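S.K.: Mind having a look at this structure? Questions to follow.
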């Protein structure tokens, strides 16, 4: 029994010793890590103002490899021609002065949170408008130094970048927004930026944008030459396709409905002046408001956009429907005036005919001096000049038939040949306006959709 207690006591003592040794080992390892940092970054041992040497210690330019991780794309503004992006930016280079002993593979890398302790490339974003670092809860930045002298710098930043847009096909367009990175002070003789080999740009999965779709991205080089030398530059082009469904629901369908509503006046009675005027003015004002709202969300440009063609033609159709009623009203009043004049002319002719009949009857009666009445002979001699004059008065002159008018012949094919000219205008408009609008849609969509495919 005593030997058993003795065994467990020894085992407990051994476990305490091993734990103490492990803690001491950890403390000693961190002490060694601190000692390594002091050895490579101590006072007088490293100068962050001097750039590292080239590959294999040569005097060539320092090579910095870049890669990006796009975390989110917040907004793409058409009116400001800019977009906002949040990304993790990484750059990696080799500094021979930072090599250290990895303690038999136990020390994989050293981590720094102060970037100013080592040399840093002077990279800047050339098309940046605004930008800021993230410091919640701690600054989102670190530097890793590897045993072979390789340095990895990583930081999370948010940028607002300029994105010049061509809006000729808006809203059936595609836009290319670039992100450009260049050296500010070091020329290509001292510093060269390269994309990291193998997947230099990554994008977060399930990236959703309200009005665009990120189709693809392309990496390229954009070195620039100035009076002070040639500077290394990298760029990534993000290709965005605009989501058309939003504009179909918000713009195209409402405009079509307004145009169709304006045609209702063609089916109203031409005498319903208040109804037709109010309908035409209301649709015209609504269409004008819709157009101004669309233009308010776009920058003023010197060229015609696809949406301008659509809204302009729709506004023309609505205005044309209002002018059609003005023409119908004028034709109706003109027809009424002509009818009244025709009635007055017929009344005058009837009165003249009655007066002529009375005069002819009075000529047939002749009164002598003794107030006795006698009938004049009803048949006169053929050579009698008075008989010839009466015969000429009774002659009816027929006009020669006019040549048929093709337009009148075409108009006569519509219902009610005897209907007024104003009614015919309404009947023609009921057919002409929809046909012309359908033809416009055919030309519009075939033109812009074909141009969109060409841009692909």
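Please read every residue number as a count from 1 along the shown chain.
Keep in mind that glycine also has a Cβ here, set from the backbone N, Cα and C atoms.
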S.K.: Identify the transmembrane segment range according to Swiss-Prot, selecting from 219-239, 303-323, 324-344.
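M.R.: Checked against Swiss-Prot: transmembrane segment maps to 303-323.
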S.K.: Under the annotation given by Swiss-Prot, are residue 423 and residue 269 positioned on the same side of the membrane?
M.R.: yes
S.K.: For the record in Swiss-Prot, which of the ranges 186-207, 274-295, 362-383 is the transmembrane segment one?
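M.R.: That would be 274-295, the stretch labelled transmembrane segment in Swiss-Prot.
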S.K.: Here's one to test understanding: among the binding-site residues 71, 90, 154, 183, whose C-alpha is closest in space to the C-alpha of residue 177 (disulfide bond)?
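M.R.: For residue 177 (disulfide bond), the spatially nearest of the binding-site residues is 71.
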S.K.: Count, for each of the disulfide-bonded residues 163, 177, 222, 233, the other C-beta atoms lying within 10 angstroms of its own C-beta, and report the residue with the smallest count.
M.R.: 222
S.K.: Run through the Cβ atoms and count how many others sit within 10 Å of the one on residue 183 (L-glutamate binding site).
M.R.: 24
S.K.: Quick one: which of these recorded positions, 71, 90, 154, 163, 183, have their CA within 10 A of residue 233 (disulfide bond)?
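M.R.: Checking Cα-Cα distances against residue 233 (disulfide bond), the recorded positions within 10 Å turn out to be 183.
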S.K.: Apart from its near flanks, which chain residues at least 6 from the ends of the transmembrane segment (303-323) lie with a Cβ under 8 angstroms of it?
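M.R.: Sequence-remote neighbours of the transmembrane segment (303-323) are 167-173, 247, 251-252, 255-256, 258-259, 262-263, 265-266, 280-281, 283-284, 287-288, 290-291, 294, 429, 433, 436-437, 440, 444, 448.
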S.K.: So for residue 154 (L-glutamate binding site), how many other CB atoms are inside 10 Å of its CB?
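M.R.: Neighbour count, Cβ to Cβ under the 10 Å cut-off: 16.
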